[in-house]
Amino acid sequence: MNILIANDDGVFAPGIQALADALKPLGRVVVVAPESERSGFSSALTLDRPLRPIQIAEDVWAVNGTPADCVYLSMNGLFDFEFDLVVSGINSGANLGDDVLYSGTVGAAFEGRLMKQPAIAVSLAGPDVRSYDHKDDYAQAAKWVHDFIAKGLPALPPRHIFNINIPDVPQLKGTQITYQGRRAQSKPITSHVDPRGRQVYWIGLAGEAVTDPQRIASQIQSDFFAVANGFVSVTPIQMDATNYAVLEDLQASLG
């Protein structure tokens, strides 16, 4: 099996290094990732300048582009063989609920799925993970991903991926299949004056999770709930954002 690994934290991030080490027993692992952090780039492709892949080690490449660029290049001519699976991560920080709209980790996985290959996005969720600087900090999460793939990935329809969030806890309680939760409105932006007297702004922090009473009543838990309670969250998500119930209502009322 040929496995392509990408991320949005950059080719030197400890999460991608831990993931590559963990998956090597499953086949050939090729890492193609941005040369520096590209968080928040979603599925963006670089169209205004050339991309320059640079091989920095055996089966490890750095690209001056976005996470989706890395996958696009890898599956459209950078290599003379095909990949069987795309794994994006392990991201330093959660990609829960509405986070998937912005996530370069998820964007890279979706790009792989557009190329007709199974794809998963993996993130490590916890308050301290942004400070982790060694691949051993991601070892438990990487092993979980190895085991998940080794057992055989469940089949998904076309244009679907698994979005996986692994809590940063001493011992995982298990795995829950979850729905994509949602957050309250983001915190307000913060404003400061820089040393040269110019006004600058920081995007506000992400909002808190919002509960869904209807889904709670049906005993389906959100990705937020699973991670907060020590479970790995596995959420099937899709590219098609059409609301078919509303579509049918509009057809009935306006058609």
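Using N, Cα and C of the backbone, Cβ positions are placed for all residues, glycine too.
These come from Swiss-Prot:
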- Asp8, Asp9, Ser39, Asn91: divalent metal cation binding site (BINDING)
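Fewest Cβ neighbours within 10 Å among the binding-site residues Asp8, Asp9: that distinction goes to Asp9. Within 10 Å of the C-beta of Asn91 (divalent metal cation binding site) we count 32 further C-beta atoms, all protein chains included. The divalent metal cation site is set by Asp8, Asp9, Ser39, Asn91; from the centre of their CB atoms, other residues of the chain with a CB within 8 Å are Asn7, Gly10, Ala13, Glu37, Arg38, Pro67, Ser92, Gly93, Ser103, Gly104, Thr105. Over all protein chains present, the Cβ of Ser39 (divalent metal cation binding site) has 17 other Cβ atoms lying within 10 Å. Secondary structure at Asp8 (divalent metal cation binding site), taken from DSSP and collapsed to helix, strand or coil, is coil.
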